[in-house]
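Engineer: For reference, the structure I am asking about is given below.
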Amino acid sequence: MGDELAPCPVGTTAWPALIQLISKTPCMPQAASNTSLGLGDLRVPSSMLYWLFLPSSLLAAATLAVSPLLLVTILRNQRLRQEPHYLLPANILLSDLAYILLHMLISSSSLGGWELGRMACGILTDAVFAACTSTILSFTAIVLHTYLAVIHPLRYLSFMSHGAAWKAVALIWLVACCFPTFLIWLSKWQDAQLEEQGASYILPPSMGTQPGCGLLVIVTYTSILCVLFLCTALIANCFWRIYAEAKTSGIWGQGYSRARGTLLIHSVLITLYVSTGVVFSLDMVLTRYHHIDSGTHTWLLAANSEVLMMLPRAMLTYLYLLRYRQLLGMVRGHLPSRRHQAIFTIS
């Protein structure tokens, strides 16, 4: 095929994850000869697509350079791991680390042309969804925690205990693992095309936009997107209430304040996380109604997976270090003294 790619279509797809766009990975005969899938004309220069792996690798390296150290710092300190405003961000760090490692595994299998078994594909699909769902739910919990502390301080003191944060984290992972897993495996069971494909692991975030995907597949991923935007609406409402309360009390107008910094940092991060779902939804609608061609569809999926999905995960660690001075001091204690001057805080 030279310098072009012809990705093999797969019946059941998942979001978010890496597209397998490798020229040396052979398509199965059934998929290659099946022109009804409408993907035979998908030819994108591999030399151009490989450039997307460069920013993805840099963002992954930036995340792995500090994120594990920050996570260990929080979990090793007994006082920090009992406070919700440290434990919930630690859960986001854990979820993002899981996603980064899965992303690297998928990228390696794609670049190396490895063929993963069907069981491995299913496990990776569920793990990717669970990690992303845990991140969104953890952000929602952080905003609700801040909302209770600002709007209802008396209820907050009576409600939040040392064990409440751990129960919230356990509930987040329970929902993150059960809800997407049930919907994904239900769609896999319904999708008859899965039985006709080989063992190649292809995980394009196209959400059933290919012709022939069953109705249940579309309903499955639409339900997941609805939960995502429901959490986003709840976060936006809480942010507005927090902003109104801070402005009324005069905290917002006191030059630089911790409340303003916290709200700004979380607004930027949540916007970046949610933007991937927006791009995903737009791609689904435009592709399904044939408003974009297959080449544009492929580029949207690749850019969303390789850049947009990785950017907020790389920024989160460093923004939290700038926000929490105590946490920054603990992390700096693990670094050589000559590197301390390179890190500063805005708090």
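From the backbone N, Cα and C atoms, a Cβ is placed for every residue, glycine too.
So Swiss-Prot lists these for the protein:
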TOPO_DOM  1-51  topological domain 'Extracellular'
CARBOHYD  Asn34  N-linked glycosylation site
TRANSMEM  52-72  transmembrane segment
TOPO_DOM  73-85  topological domain 'Cytoplasmic'
TRANSMEM  86-106  transmembrane segment
TOPO_DOM  107-130  topological domain 'Extracellular'
TRANSMEM  131-151  transmembrane segment
TOPO_DOM  152-165  topological domain 'Cytoplasmic'
TRANSMEM  166-186  transmembrane segment
TOPO_DOM  187-214  topological domain 'Extracellular'
TRANSMEM  215-235  transmembrane segment
TOPO_DOM  236-261  topological domain 'Cytoplasmic'
TRANSMEM  262-282  transmembrane segment
TOPO_DOM  283-299  topological domain 'Extracellular'
TRANSMEM  300-322  transmembrane segment
TOPO_DOM  323-347  topological domain 'Cytoplasmic'
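Relative to the rest of the structure, where do these features sit?
Structural biologist: Note on the topological domain 'Cytoplasmic' (73-85): residues 93, 141-142, 145-146, 160, 162, 164-165, 168, 327, 330-331, 334 of its chain, located 6 or more positions outside it, place their CB under 8 angstroms from a CB of the stretch.
For the transmembrane segment (86-106), the residues of the chain that approach it from at least six positions outside its boundaries are 17-18, 20, 56, 60, 63-64, 67-68, 70-71, 74-75, 80, 124, 127-128, 130-132, 134-135, 138-139, 141-142, 145, 165-166, 168-169, 172, 176, 201, 203, 309-310, 313, 316-317, 320, 324, 327, judged by C-beta separation under 8 angstroms.
Each residue in the topological domain 'Extracellular' (107-130) gets a DSSP state, and the totals come to 19 helix, 0 strand, 5 coil.
Below 8 angstroms of C-beta separation, residues 16, 84-85, 88-89, 91-92, 94-96, 98-99, 102, 159-160, 168-169, 172-173, 175-176, 179-180, 224, 227-228, 231, 234-235, 238-239, 241-242, 245-246, 259, 262, 266, 269-270, 273 of the same chain, each at least six residues beyond the ends of the transmembrane segment (131-151), sit close to that stretch.
Outside the topological domain 'Cytoplasmic' (152-165), and at least 6 residues removed from its termini, the chain residues within Cβ reach (under 8 Å) are 82-84, 87-88, 145.
Across the topological domain 'Extracellular' (187-214), mean pLDDT in this model comes to 47.
Long-range contacts of the transmembrane segment (262-282) within the same chain, counting only residues at least 6 positions beyond its ends with a Cβ under 8 Å from a Cβ of the stretch, are 15-16, 135-136, 139, 142-143, 146, 205, 207, 225, 228-229, 232, 235, 239, 242-243, 246, 300, 304, 308-309, 311-312, 315-316, 319-320, 322-323.
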Engineer: Using DSSP, how many residues in the topological domain 'Cytoplasmic' (73-85) fall into helix, strand and coil?
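Structural biologist: Counting residues per DSSP class in the topological domain 'Cytoplasmic' (73-85), I get 9 helix, 0 strand, 4 coil.
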